[in-house]
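Everything below concerns the one structure shown next.
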Amino acid sequence: PARMGLPALALLLAAGLLHTQASPSARSFQLDYEHNCFRKDGAPFRYISGSIHYARVPRPAWRDRLLKMYMSGLSTVQVYVPWNYHETLPRVYDFTGNRDVEAFLDLTAELGLLVILRPGPYICAEWEMGGLPAWLLWKPDISLRTSDPAYLAAVDSWLHVLLPKIKPRLYQQGGNIISVQVENEYGSYYACDYGYLRHLLGSFRALLGSEVVLFTTDSTRAEELRCGTLQGLYATVDFGPGSNVTEAFGAQRHVEPRGPLVNSEYYTGWLDYWGEAHASTSAAWVARGLEDMLQLGASINMQVSPFLQLTSLPWPGADYKDQYKPVTTSYDYDAPLSEAGDPTEKLFAVRTVISKFQPLPVGPMPPASPKYAYGWVALRKVSASPDSGTAPAWPCSTAQHPSLSLQYADLLDVLDVLCPSGPIQSQFPLTFEALKQVHGFVVYHTQLPWDVPDPATLGAPPHSICDRGYVMLQKEYQGTLERDGQTTLHVTGMAGDTLDILLENMGRISFGANTSDFKGLLGNLSLNSRPLSNWLIYPLAIDTAVQQGWPHTALPKSNSGGKMGPAFYTGTFETPGIAWDTFVKFPGWSKGLLWINGFNLGRYWTCRGPQQTLFVPGSVLQVDQPNNITVLELEGAPPTPHLLFLDRPLYNRTLGCSTMATE
């Protein structure tokens, strides 16, 4: 690696602390290749930054999270913009409420934070399809993240909507955005299409101007840096604690011999996959790596503040590493700020390191948000009296046990509500993309064409169940087919018996060899190797129905009355005069989804783990009026269904339904 001139750089950075203000006409943020640093308003500058995902943080909590980051000593925040969060359908845009990125950026400026923007178009972020809209796959032969004209046309259309909102907020324009990333870790993608990167560079320059610093981020692997970098885009790297800092920045120096050292993603923790142990990284390890980089004069962005996605289920993505690995609902990441926004030991360790290199803001760290253990909520069938039975006591809760009067319906009994436009007829199954179904669930319905008196094999071709299929014969749950898992079941029945498969999208691949991750039944089911045909296909709009008040407005009692297989459980509970953050646990439940007051709070999967609770922000709860709870259980509710509201999250560390959760 080239010599870094560290003493001179340290003096330049120290001098730069005295020259952070400038008149609007003099505002500049530039690369200084001679002195290997950034220059802000002409003075040497380096940033210490943390990532925050506004799309995963409830809007009422934006200010709290940003204040905590500021008080940690960060000068800058790094902000992802998920394309699919805003352009939900082609040329249908949503920048309202939790999706108001302009309001979020204005709040960062109000609080005195600089911004590094990551608008993609691909962002990864463990987000559904890496932020790319699933509707791109409505053209099945599209080649994503390449020079494919169809893909570039969609990208250009999006950038012409987004980037004009960004330009007036650039630092040179009087705003607080100091740099903008183009694409993300492109070197890890198979395509290695320099024409695509050149196209993006031209589009960003045309829409943002010639002065803004544009950059790329890749791992320190030589092959990825070769394919992910381009002249005209400043190349940065990413790596975590435990890496050899000198070697890692040496990799950057191979592609950028001069200029500031930058780690654009310093991993303070790691994500969780369903079925694997909860990830954790020691505070001391993180602090040591941070200090090593700061001693070299590097600019650093930490994965400091990822949070739970709140407003809609579909957004957790998946990785593909020899097999499909869906990401948990919680994006806690073992980060310095927790899922609920609480400062952790790791945050204070990071703050102590920062204080060695620059002054900390004056004042106390904002406290953790108050939590409340509302206790047990008993779920009962509609035919049961709300006062019958006794819920178990929860010793840590001071609340009176709120009672939840249960109503119950099998999913197959309410298809007219969940698919009001009716089914689509097809000789063979159609994918989600062919149905223009972006997220959620689809029911595939047919009938047994002949008598099956002896157990016959119901099976699917390899890699054709995307991602989980819940099988019902005559509305009786038979079992689950799973991507990269069980793909056959044995069934018996009579000709004409109904066969239904509820297909669940567990999240499109956000990182891996290919992000073209089609969903649904990608091949035909067969019975003893004989293909089934004549399908009625129901694309379900469950989120829409729940947001509009269903099933609390009208939910019929199930005719079948069973507890196995996909079914809705719903009711209400009241809080004791407060609406504080809480966590809900699902004792004895298998796998499903939770809504409270119409807000989709995501998946639970207690048997698979490691996540055992869902975070419930206080902002979704109502005081002095009933809170509506809806649970869609996919495999089987417990004999006496109940939920447990806690004041802390729970995780387990092993796969298996018999595993007990540990605190």
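Please read every residue number as a count from 1 along the shown chain.
A Cβ is built for glycine as well, from the same backbone N, Cα and C atoms used for every other residue.
Per TrEMBL, the feature active site, proton donor maps to E185. In sequence order, C124, T217, D218, S219, E224, G228, D238, F511 constitute the residues six or more apart from E185 (active site, proton donor) in its chain with CB-CB distances below 8 Å.
Non-local neighbourhood of E265 (active site, nucleophile): S51, T217, D238, F239, N301, Q303, each in the same chain, at least six residues away, with C-beta under 8 Å from its C-beta. For E265, the entry in TrEMBL reads active site, nucleophile.
Annotation source TrEMBL lists domain 'Glycoside hydrolase 35 catalytic' at 38-356. Mean model confidence of the domain 'Glycoside hydrolase 35 catalytic' (38-356) amounts to 94 (pLDDT, 0 to 100 scale).
Under the heading signal peptide, TrEMBL lists 1-22.
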